[in-house]
Amino acid sequence: MSLFIHILACLFGMGSWVSINGLWVELPLIVPQIPEGWYLPSYLSVLIQMANVGPLFITLMHRFRPGVLNETVVIYVIISLGMVASFLLAFFWKETLVVAGVPRSVALLLLTFFLSTVDCTSSVTFLPFMMRLKPQYLTTYFVGEGVSGLLPALVALIQGVGVVHCNNCTRMINDTGSVSLIYELQAHYQPANFSAGVFFFFLGAMMLVCLGAFILLNYHPAVAREHPNARYPNGVLEKGEAAQMNPTEQKAMIKQSGIKPKSCFGTGTYSRIQVLYMFFILAWVNGLTNVVLPSVQSYACLPYGNSAYHLSATMAAVSNPLACFIAMFFPTRSLLLLGALTLFGSGVGAYIIGMAVLSPCPLLVNETSGTFLIVGSWIFFILTLSYVKVIIGVILRDEGHSALVWCGAMVQLGSFMGAVTMFPLVSVYSLFLSGDPCNTKCP
């Protein structure tokens, strides 16, 4: 039955970000068919950050009105909303309305906002819910989060999204009465094996699976037997719970333990500086992995070829759940090591950003070693920083329910800061330049 619950936890975690991850990998197929074109990624970034109103509301309610929101009901609502929005996208993603005299994909943008609200809010609801299960299931939940990026990427590969072929074309130029012919290569995107509508049906089905897993986690008798002691989930009471105990009983516990808490956070195991240190790393890592590097991935990888781009995206999606498996067997809790891994991953990320800045002619652009380096960089970047995220999540899980709520809040804060930083650089100041996959010439 333990394996059964691990599978349920994985399927539950899979629903956390599968909708938005799926939308990103489907962009090469969507943008040629909508009026927004390649401005759509910028609009998506803004919509995703606007959707942080969901986790902000949940966090404020938890802080100022604890116990008022029913966590289980909130999760049912957001999973159902994500499922309905995904199915509606399958029918209406190409529909447009004229707004201020210009056709706009109102349905696509509105439904994307709902999906973003679902996924952002999952960070501050799904994680705290996992407190109801034993600690070993939290790592499996993170595996499911990784699968939420892997599955859409694999389906998009089967679909054939973004496959480019260079065809010879002839163009006539009339210059001062003389007509000349120019022969050049033009990029042609191959038709997909199935439509974007079918892909959105797949995303809706994944949300339906997540809903089924959540129902079983709530009502299956085998899951109930795996619950830790409801009042002592980690063998230690949180300070908020301890304050509600009989004063005599509380004094007896303090005398028995003989340990003075280091801070008022969670169980008091970590000092205030250590807690802030973990929160800073969590926000920094999520800002890099969720927003900063994905926003420049095409600029960094496409100059090395279409195969390098798809290989880096796919291997990065594989690296995320792989990092969760590694954390399952090597769950180090050294804050010093986590800091070192964060520095290493950030350094690799800096190399990737450097290649994006140099686009369309980055280092070793015409060499096999350049392709090897950029793909390997993506693998190590995702592998190390995903491992850091999982371990910090496991540490905070042991600090109690409120710690996991703040863990989700830091995830969203980091993503928000990353979006605020990258949106003007990419969309306003055009710091990054993309090359033609067929005609870019580099020395």
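Cβ from N, Cα, C; glycine included.
TrEMBL has this to say about the protein:
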- 38-61: transmembrane segment (TRANSMEM)
- 73-93: transmembrane segment (TRANSMEM)
- 105-129: transmembrane segment (TRANSMEM)
- 141-162: transmembrane segment (TRANSMEM)
- 194-217: transmembrane segment (TRANSMEM)
- 275-296: transmembrane segment (TRANSMEM)
- 308-330: transmembrane segment (TRANSMEM)
- 335-358: transmembrane segment (TRANSMEM)
- 370-396: transmembrane segment (TRANSMEM)
- 403-426: transmembrane segment (TRANSMEM)
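Across 194-217, 275-296, 308-330, stretch 275-296 shows the highest tally of CB pairs under 8 A with the transmembrane segment (403-426).
Counting Cβ pairs under 8 Å to the transmembrane segment (308-330), the stretch among 38-61, 73-93, 141-162, 275-296 with the most such contacts is 141-162. Only sequence-distant pairs (6 or more apart) were considered; of these, fewer than three Cβ pairs between the transmembrane segment (38-61) and the transmembrane segment (194-217) are under 8 A, so the stretches are not in contact. Cβ atoms under 8 Å from those of the transmembrane segment (73-93) belong to residues 15, 19, 30, 34, 54, 58, 105, 107-108, 111-112, 114-115, 117-119, 121-122, 125-126, 129, 196-198, 200-201, 203-204, 206-208, 210-211, 214 of the same chain, restricted to positions at least 6 beyond its ends. Of the candidate ranges 105-129, 194-217, 275-296, 370-396, 194-217 contributes the most Cβ pairs within a distance under 8 Å of the transmembrane segment (141-162).
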